[in-house]
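One structure below.
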Amino acid sequence: MGFLSKRSLLYALCCLCLNLGVARDTISSFQSLKDPDYIISRGSSFRMGFFSPVNSTNRYLGIWYNKIPVVTYFSVVWVANRDRPLKDSSGVLTIYEDGNLVVLNGQAEILWSSNVSNSVPNSSATLLDSGNLVLRVDTTEAIVWESFQHPCDTVLPRMKLTTNLRTNQKVQLTSWKSPSDPSTGRFSGGVDPQNIPQGFIRKDGHPYWRTGPWTGQFFTGAPSWVLDYHSGVTIVYDKEETVYATFAPVKVLDLSKHFLDSEGNSKQIRWDDGKEDWEVVGFSPANECDVYGTCGVFGSCYALSSPICSCLKGFEPKIVEEWNRGNWMSGCVRRIPLQCDGGGKADGFLKLEMVKVPDFAEWSYRSKDDCRKQCLENCSCVAYAYDTGIGCMSWSGNLIDLQKISTGGIDLQKFSTGGLDVYIRLSYLEFDKERNLKVIIAITVIIGAMAIPSIAYFVWRWMTQKRARTTKSGESLPSKNLNDAKLHELPTFSLEELATATNNFHVDNMLGRGGFGIVYKGKLHDGQEIAVKRLSRSSGQGLEEFMNEVFVISKLQHRNLVRLLGCYIEGEEKMLIYEYMSNKSLDAIVFVDICLLSMQCKAFSQRNQTFLALVCCYLRLLVGEKPLAFMMISSTT
């Protein structure tokens, strides 16, 4: 009896512990989870309980990473009553009488329900170590509901994002309204099968960002960090016409999360144990070009150019004024219509390298050559592309969301594959214009290449001839004068002879200084006295002026004029040798004797004195000297 009572006591204690919220992973039909109780998955990866977001007092039932000590926007992976929050801590999670999992408030009002129509009373809810909350039938272990089929903003490994082609029902991510409000936001993300599957983020139901076509291993426009942290995403078509994508991590990380944030970014984060904080690995859209249709139809976006949008070759802005203002949504229009069925030359294709292909691609199983031929034969085909993993892609109508991929050193969330080559259909006239332009450029280059040396040659010839004429005109007079001087048998002296005569041009032998240079007294070896006029380098006079003086003096021979005995010319050294005048020059007699006499002698009349004074002044002005005195002349004289 005592043994049975001990067993009964142990059982009661276990039930009490379960209701007190100790670590467990399952809620059975006769149990409940009250705020602030919680359950933990078997491997201790995830925890489920009630929480309040940052800067909010509302309470929500959610699942978050158990390792993170504080519940934050980044750590929460699923919220049950996101659109109907609790206003206090009276919340309870329990299995209702119909077998559904429900969240009740203090008035027993249902705020959230699993809403399974075929549920059974005997069921239990278990939090798996994958973060998936499942509702099972106790007897058969069959899963009748799971949180992975009703995700919020986070995609976890082995979760499926699906689209049913027959019913159009979708399992997709929906963002929080804000980091402090888990209610359904404006952004959603999932897989859109179309002709070729693509991943999409939509804003208010409209495309906001897309991954590019699925190659069978990865999305052609997905950023590189996706391949770094996921196994390229697996996309499967099942027998029920459902397309689903699953995500599996490639890198084994302690803690990482891929989610759709409240700003519409597909973001990968990881937990840094050292910093005890979340670190952003990558996100998309990463720049303005990633946003869907930034440049409008037939526009191409390149994040490294300014402006980022440009019309494709052969196209021009539809509304130039808006385009110039930076509003590119109106897109571009074709300049020259296609010549399909025109009976003339066939259209051609412009190759665009390394681009994120436009939206609305149509798939066909053809070779690359057949792909081109098929597009050329179809008048509605405006572009085509080929990828070995996808096959032939073609486009009809407008091309939208075409983006040139950066290959530079700037990190702009580079694409994993480097993009594909797209061939844009243009009228043959566009290529004729291009060929004509190339011919014009080539001819211009050739003419320029011929003209530049020719012009340079003629300029050189002109400058050479001009220089020769200048040199000839500068040298003709001295040469002529020198020849004339030679005709008069003008002797030349050596430098040594003149240096000896002037005592090496000693200062004691200096007779005077003028604008030409210095005049020295000297004596030749035969005893003849000479005056040596030595040209100064700073005089500003050159060979032409020197030879002019030689020419003039050698031509003028008079018994009352000083005689030129000879000259010396060697490089920049130029000297004239005159006969020495021991009684000074004529100016000393004219200006001192006569002029002073004319002004002082009383024997002369007033009129004669005035006349002689004017003559003296005139003579001084002729030789460049200042008159000694001025006198007033009255009207009577």
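Each Cβ is built from the backbone N, Cα and C atoms, and glycine gets one as well.
Now, the feature entries from TrEMBL:
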BINDING   Lys533  ATP binding site
COMPBIAS  172-186  compositional bias 'Polar residues'
DOMAIN    24-148  domain 'Bulb-type lectin'
DOMAIN    340-417  domain 'Apple'
DOMAIN    505-637  domain 'Protein kinase'
REGION    172-191  region 'Disordered'
SIGNAL    1-23  signal peptide
TRANSMEM  439-460  transmembrane segment
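Cβ atoms under 8 Å from those of the compositional bias 'Polar residues' (172-186) belong to residues 53-56, 60, 62, 73, 76, 79, 82-83, 85, 151-155, 161, 203-204, 259-264 of the same chain, restricted to positions at least 6 beyond its ends.
Averaged over the domain 'Bulb-type lectin' (24-148), the predicted model reaches a pLDDT of 94. DSSP places the residues of the domain 'Bulb-type lectin' (24-148) in helix, strand and coil in these numbers: 2 helix, 52 strand, 71 coil. Note: the region 'Disordered' (172-191) comprises 0 helix, 17 strand, 3 coil (DSSP; helix = H, G, I, strand = E, B). Close to Lys533 (ATP binding site) in the fold, though at least 6 residues off in sequence, lie Phe516, Gly517, Ile518, Val519, Met575, Leu576, Ile577, Tyr578, each with a CB less than 8 Å from its CB.
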